[in-house]
Each structure stands twice: as C-alpha cells, then as structure tokens.
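Asks: Sharing a structure here in structure tokens format.
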Amino acid sequence: MKAGVIELGSGSTPKTSASRGASILDFILRIVAVIGTLGSAIAMGTTNETLPFLTQFIRFRAKYDDLPMFTFFVVANSIVSVYLLLSLALSIFHIIRSKAQVSRIVLIFFDTGMLALLTAAASAAAAIVYLAHKGNTKANWDSFVHSLDLAFFCNSLSALMSAVGTGLFYMVSRIVAMGDIG
C-alpha cells in the first residue's frame, strides 16, 4: 500500500551515479555563486569615496546609494544570495536522493528567475559604470570619472562588474548542470 508520492528515489542504476556527480557539481557551483553574489553585494555596499571639490571645505561624496541602479544591484545580489543559501539544503537533498525529479524542476525554475534578476541588476549597474567612464557625446554627458578624479571609486566598480560576469557564468553553468540531470 502506497501512502503517497514522496520523492525518495529508489534503486541504483548507472544513471544514478552520473546524477549524483551532477548534483555534487551543482552544490559546488551553488557555493561559488553564493560567495560571488554575497561578495558583490558587500563590495558595492561598502564602495565610497570622498574628495575635495573646488575648495578644501566643499567635499564630493560618491556612494552606491547615490544612484538607484546601484541600490537595485545591492538588493538583487542580496536576494539571490539568500535564495542560494536556502537552496543549498535542497541541493544536499539531491546528492542524497538522486532520483528526485519534481524538486529539481522547481529548483531549475527558481534558478532561472534568480538568473534573470541578477542579469537585470548587473546590466543596470554596468550601464552606469560605462557612462561614468566614457560619457555620452550625443547627450552631452561628459565622463565624470576623469573630471572629478573618482578613479578609485569607478575602478572598483569596474572590477565588480567583471566579478558579476563571472557570477553570472556560474549561475548559467548551474542551470545547465541541473538540466542535464533530468
């Protein structure tokens, strides 16, 4: 007599060991993505620079919360970090029970949503960093990095954008690895 459908997995087949290996890879990539997204949120949240402007008594302050795109970036990375931390438990479950299918599909669905959120945040922040470095001659916006000597602030943001690109690569790799299991 069956009590109900529970994803416990049964039997041991050659596909099970391949599925377990992919689940271990997913767990490792998930940990790397947690480190990347949490590190990006912390790095952006603590990036600031203050420098004299015109005179010694007037100061120019540049922080992440001066622009809404950077605030969105910090919030989105924080949300994705929390999601990834919570999903580590389900990833461990997939290592133990490699036949679980429904929870894998749900995880792929939410991973794809988090990838879209992270991509949107990274794109918005990257557009502002690009404008800060290059400006836009058609809109008559000059590059304010060189005119205000905000090199440290903007260089740290540029390095952060590179790190986010790496994080996005790991997120896509996880989704592909999870899709191959099913």
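Cβ coordinates come from backbone N, Cα and C, glycine included.
Given the structure is predicted, the values throughout are model-derived calculations rather than measurements.
TrEMBL lists 20-159 with the feature domain 'Casparian strip membrane protein'. According to TrEMBL, the feature transmembrane segment maps to 27-47, 67-93, 105-130, 150-172.
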Asks: Apart from its near flanks, which chain residues at least 6 from the ends of the transmembrane segment (67-93) lie with a Cβ under 8 angstroms of it?
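Replies: Residues 23, 26-27, 30-31, 33-34, 37-38, 40-41, 44-45, 100, 103, 107, 110-111, 114, 117-118, 120-122, 124-125, 127-128, 164.
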Asks: Sequence-remote contacts (6 or more beyond its ends) of the transmembrane segment (105-130), Cβ cut-off under 8 Å?
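Replies: Non-local partners: 37, 44, 67, 69-70, 72-73, 75-77, 79-80, 83-84, 87, 90-91, 94, 154, 157-158, 160-161, 164-165, 167-168, 171-172, 174-175, 178-179, 182.
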